[in-house]
C-alpha cells in the first residue's frame, strides 16, 4: 500500500530534477568511527512532494516494511536506522561540523522525546554557541515571533488567572513534525528509534512533505550545532531546523557575506506571503501612514489611574536593576507580565496583556527617543519583515489573537497582516562606499537601542504610537477673574522670536529576543535642543513681578541606564513646557508649580516601587519567553532598517489563485488577469521561483552566474503592441510578494513568469478577478464594464424620473436638472462641443425609443419626444439612414437650389416658416407646462414608452450609452467609464484542420476573404502548434498588406471596403514531422459585429503545384518567367524559394508587361493572394464562375478585382507532364497550335477581354554568386539544353509562338510556311528523338502535389529554385502554367522568315562580319608546316556565322531558358564544348584584365560562352588561340602617360598610398567642413535663443513696468478714495454734531418758553 501511495504521489514530482554529488560530510557514530571517515552525499533526488494526509497515514515508520523506505535507503540495508536519501544538510560556514550523532549516542539519562513541555520553551539560553550564525539567529527569532503572534495573549491570560487546565494553543512548532502518528489535528509526534521523521513546511506555493533523519551535527567541543531547548532530550527544534535548513540550502545567497538569501522562516511555517517594501527617505511618510493603518495603535486614556503608573514604574525599575546586575539577557525579558495593568488602564485592550505589559521596557527606550532627531539616510541593505496581523482590527485590540487570525469574514473584514523588520550584518569588505556609510549609521543607531549590528536577526514590529506614553498632568483651572481680558505675556528681547517646530510623535514598538544581548545601550548626543528654564533676574525673593523666561542651550543628557521614570517625567515636562511656551499663554509660575508637582509625584512613585525589587525574577517572567519590547522613534527606525516586510495571511482574502509549474525550459509563462471594480483595486501578488535544484545555495567567485526568477505585470490593451505601463516587477531567488494598486475601472494585466526550474504564483484580493489563460480571461471583457453599466443606469433612471414627473409642476425642473447632470456630468467649457453632445444624446434617445416600440408607436410619438427634450430642429436635420458617427462629422450644408428665387419669394417663405415654427414651439412649450391638456397627452404617451423601456431597463440603458459612444463625439471622453473602452473587446474564432506534413515542407493553412461591416480596429491572432506560421492580411481594394511587427499582424484600423480583406496563413514545418491538428484564427475587435467570412465555412483543402529548375545567370538577372492562364477567375498564392538562403529576390505579377503586385524576400518570397481573372470559354460549364467574370475590360478594374477574389481560396491540381512539360517548343505543340488557330480566331471576334499574366522573379543586388562547381554544372546544363533545342529546331521552317494567347494579344502572328524537303525528312527523326529524350536529366520539373511533398531529393550544392502555386482543390483544373518563350519564339520565327523571303541573307551577314574582323586579325607567323593557320575563308565563314549567332542570342539573352545547339550533336561534341568553355573563359579573363580596369563578375562570363557559333566549335582550339594572339587591341587601350611604365608591385603600392592619402585628405577636409557647419548651426541656434530670450526679457520688463505703474496708480487711487471716505465721514460727523447741537438747543428753548408763560400766568 505504501508503494502505491508513493507512486501516486510521484505525480507531483519532477523525475528529471537536478542534483549534485555533494562532497562528503563528516559522519561520526559517537566515538566508534574516526573523525576522518566520510560519507558520499546522495545524488539526484526529486522535488519535495506536495503534502497529503493520506500519504502520512500510510507512511511506514520502521525499517524494512514497505517499498518506500527500501527505495529511499538503498545505500546500506544492514543499518537499522533511517538515512536521509538526500544526504546530510549543508550547514553555514560559521558552524564547523566535526561529527554526526543520533540521539541515542549522546542522550543517556532518559529516552529522547520529540516534545517535553507544551506550554513554554527556551531556545535562547542553551544555544548561545549558535548565535554566531546568522541562519540560526533567524530560525530562533522567527520561531519566537510566530509563537508570540499566535499564543502570546492566550498564555498571558492563562498565567495571570493561574488556571489549572492547560490552554489550547492555536500553533505549536512541533505540530509540523510527524512521526509514528496520524495526520490529525492536535497530533503529538513520538520518538522514532528508526530515525525517520516527516516535516510539513510551506514552499513553492503549497505545503510540502520533507523527510529528515535524526542525525545531528556536533563540533569538536561536542556542542550541538542545531537549536535545542533547555531539555536536552527534546528533539523538535533540531528536526524542525533541519527541514528549514533544507529550504535555505535551495535558496541562493552570496558566500562569506550572508548565510541565507531571501528565505523567510515565517513563510515556511505559516504560508503567509511576504511583501517587500524598501525604506527610502523620499517616501518614509507614506510608510508611516501604512504602518499606522496596519499596526495596533497605542492610545492614552483621558484619566490614567495611579495604580497603572505604579505598576509601570515597578516593571521599569526592575528591568533597569536586572540589566545592571548581570548580562544574562535570556532571563531579563521574562519579567513583563505585571505591566499589563498599565495597559488596561490606558487602552482598555483586553487581549494584549502580554504585549502591553512589556511597555515597562519600552518606556525606557521612550525616554531616550525624546531627544533624538537624527537625519535619515538612504537605506537599502537591511531587510524589514512586517507582520501586522491587524490590517482591519480596531486599534483597541493590541494582542494578536488567533481568533481574528483564523477568521475570514468575506468582504466585511480586511485582510490580516503582520509586520516584520530585519537588518543585514555589518560587512566590512563592501566595495560600495555608500553602503558602508549606511551600515555605519545603522550600527550606531542600533547600539543606542540595545541591538548589535553584528548579530543581525529579524525583529517583530508590534505597535505604533502617536502620543506620549504617560499623559502630561493637566494644568490647574484658572480663576474666572484671570480669564477676563487675558493678555499674552510680553517678552522684552532684541532677538527674533522663531517658532521652534514641534517634532511629531511617531514611535514603533519592536520585539526581539536579542535586545540588550551582551551590550549596554547608550545614547550619543548628536543634536541639541532648547530646554526652557525659568530664571528670575534682578528680582528679590517673593517679588510679584513676572519672571523672565529664557532658553538655555543644553545637550541631551538622557542615558540608557536612566530610570524609565525620569525619562517619562522629563518627556512629559518638556512636551508640556514647549506647548505652553509657544502656543498657550501661561504664567511662568504655573510652569514652576507643575514641575515641582511632577517631581514630588515621581519621588512618591519611586518610593512605592522600591519594595517590589525583592520579588524573584521567576515570578516576574512567567512564561513570557525571552522576547523583549522597546519603543523606537520612527526616524531612528528608518535609519536602523532598510526594508520592511508585510506578511499577508492569504486565507483572510476573499479570492485566491494559485498556480505552480515545474519545467526545465527557459521560457516565459503568461497569465492574463481581468479585474473590474467601482472602487480602487488592490491585488496581492506573490511569486516563488526555483532557479536551480540539487546545488549548494552559496555563490562563490567561481560559481556561474545564476539569474533570479522574474515576474512582470503589465497593464495592456489589445489595441496596442506596447503595454500601457509596467505595474509590477519582482526579482527573487525564493519568494516575494507585492501589492498592485489600480484605480477604479476595468483592467487587463499580463503576467509573465520566468524561472529556469519552476515557479509558483499566488494572487489574492478582496475584489473579484479572473486569472488564467487567454481563453479563460477574454470572455470577461465582452460585457460592459461596471462603471459603464452604472453610468448608463443612472442616465436611464434620470430619464424615467423625468417621464414620471412630467405632469408634476414642482418636481419636473429638478428632474430635468438631474437628467442633465447624469448625461452631462462635467462641463466642457466649449459651446460647440456642448451643443453637439446634447444633439448626440437626443438622437441616441430617439433611436432607442423608436427601436423599443415593437408595435405601432403612438400618433404623437415624435411630438411627445420633442416636448420632452425641447428640440424642434433635431429630427428634421437628422436622417435615419445616416449613422450617428457620420452625422456628427457632417456640418449643416445649404441645400442646392435648382432655381433662383427672388428676394420677395424668399422673404415670404421665411415669414411663413417662422410663423409655423413659432406656433409649433408655443405648442411644445405648452406641452411642457404641467396642468395643461397637451401636457397630459404627452405625459401619457411618454408613460407608455417608459413602460416598455422599464421592463428591460439595464439592457436599454446599455444600448443608449453605447449609441452615444459610437458617435465618437469628443464629449464622451469626459465620462469616467470612457477609460474602460481600452479594454472593451469582442472576439470571434475561426478554426480549420490541417493534415500531416513531412519535414521541411511549406503549405497554406488558411485563406479566406473577410468582409468588414464598419470601420473598426481589429487584431488577428493565430493559435497553433506549428513551429513557423505567418499570417498575411491583404486589402483587396488596394492590394496593400496590413503591417506586421516581428512577423505578427499588428492592430490596424480596417475600413469598410468593397472587396473585403484576404487572410492568408502560411506555415513551414522545419526539420520535424508535423502531425495534423487544429489551427485557430481569432479576430479581436471593439464591438460586434466583427468581420465575417464571405462564404459559409472556410476551405482547408488546397492543391500545390510545384515547379523546380536551376538558376542560370543572365544579364537581366531574371530567375524565371512563367505565363499563367486561368479558365475560371480564382485566387492563387505564389511562393518562391531559393537554395541559397541569403539571396534577395523580387517576385512580380505582370499584366501586359505592367507590374500589378510585387514583393521582395530573402531566400524566399510570397505573394499571399492574387486574384487572376479568367479567359472563360464560350462552352464553359462553370456557370457559377461566369458571374465573377462579368467585369469591365479596362486594365485597372482587373487589378482591383484581383485583390477581391484573392481572399477566396483557389486550389489547383495540375496535370503533371514529364520531361519537357515546361518547354513549349516542338512539333507536337506546333501541330496543336495550328489546329487551335481557327478556334482562337472565332473567340477573338467576341468582345471578351483576354488577360495575360506573367509571373517573374528577379535576383537583386547580385546576391546569388556561383562557385566553380556550380558554374561547371550550369555550363553543362546549358550545353545539354542547347543540344535539345537544336535537335527540335534543326529544320529551317519558321516557328510561330506556341502560346495561343500571343495571337489573342494582337502581337505579330506568323503563318505556317512551306517546309522544305529536308525538314519533312527529318520530322520523323525529331519525333523519335523527342520520345527518347522526353525527360532530360537537368530539365525543370513541374509537379502536381496535393500537399507540399517534394518529388525529388534537393541537392544543396546546386543552385536550384522552387516555384509553388497554391489554389483551391476545386479550381486547380482551370490553371495552366507555361514557361514564357513568346519573345524567343518570335525572334526565331523572324530569322527563319528573313531567310525564307531572302535566301542567302545569313551568308551575306557572315561575310560582312568577316570583313570587319579581318581588320584586327593578323596571320600568325609559324615555322610549323604541319600546323597551319586557318584559311581566311574558313575563318571568315566561321566568324561570320558566330557573329550572326551572337546577334540572335543577344536578343534572346533576356530569356535565358531558350537556347540553341549545333545540328550534329555527336558524342564528342559535349567534351569539345567543355574544353572550349575553359579556354574561352581564361581568354576572356585575360582580355578583360588588359582592356578594362575592373574585372567583370563571373555572371558576365556565361553569355560569352553561350554566344559561340557551331562553326567555331568545329575549329581547333589551338588555331583560335593563335589567331586571337595577333588581335590588335591598341586602339582600345587608353594611354595616360607619354611612356608606358611596367606595372610592378612597388608601383601598385605607391599608387595605393597616393590614393589613400588623397582619400585621407578628403576625409579630413570633409570632417573640417562638417564641424564648421555644426559650429555655425550651434551659433545660429544660440543667437536665436538669445533673441528670443531678449524679447522675452523685454516683454517681462514692459509687463513689470506696466504693473508698477498700475500698482502706483492703484495705491494713489486707494489713497484718494480713503481721503474722500474720511472727508465724507468727517462731514457726516460734523453734520451729526450740528444736528445734535440743534436738537439740544431746541428742547431747552421750548422749556424756557413754557416757564416764561407759566410765570406770566
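Every residue gets a Cβ built from N, Cα and C, even glycine.
What Swiss-Prot lists as region 'Disordered' is 1-40, 321-398, 1184-1226, 1288-1356, 1422-1459, 1638-1657. The compositional bias 'Basic residues' annotation in Swiss-Prot covers 1-11. As annotated by Swiss-Prot, domain 'Calpain catalytic' applies to 70-402, with the evidence given as sequence analysis. Among the features that Swiss-Prot reports, compositional bias 'Basic and acidic residues' is placed at 321-386, 1321-1336. The feature domain 'Globin' is assigned by Swiss-Prot to 762-889, 935-967. Taken from Swiss-Prot, the feature heme b binding site applies to 791, 823, supported by sequence analysis. Taken from Swiss-Prot, the feature domain 'IQ' applies to 905-934. Taken from Swiss-Prot, the feature compositional bias 'Polar residues' covers 1341-1351, 1422-1443. The coiled coil annotation in Swiss-Prot covers 1585-1640 and is backed by sequence analysis.
Each of the binding-site residues 791, 823 was ranked by the number of other C-beta atoms within 10 Å, and first place falls to 823. Looking just at the coiled coil (1585-1640), the mean pLDDT is 92. DSSP assigns residue 823 (heme b binding site) to a helix in the three-state reduction. Taken through DSSP, the domain 'Globin' (935-967) splits into 31 helix, 0 strand, 2 coil. Counting residues per DSSP class in helix, strand and coil order gives 26 helix, 0 strand, 4 coil for the domain 'IQ' (905-934). For the recorded site, residue 791 (heme b binding site), the DSSP three-state label reads helix.
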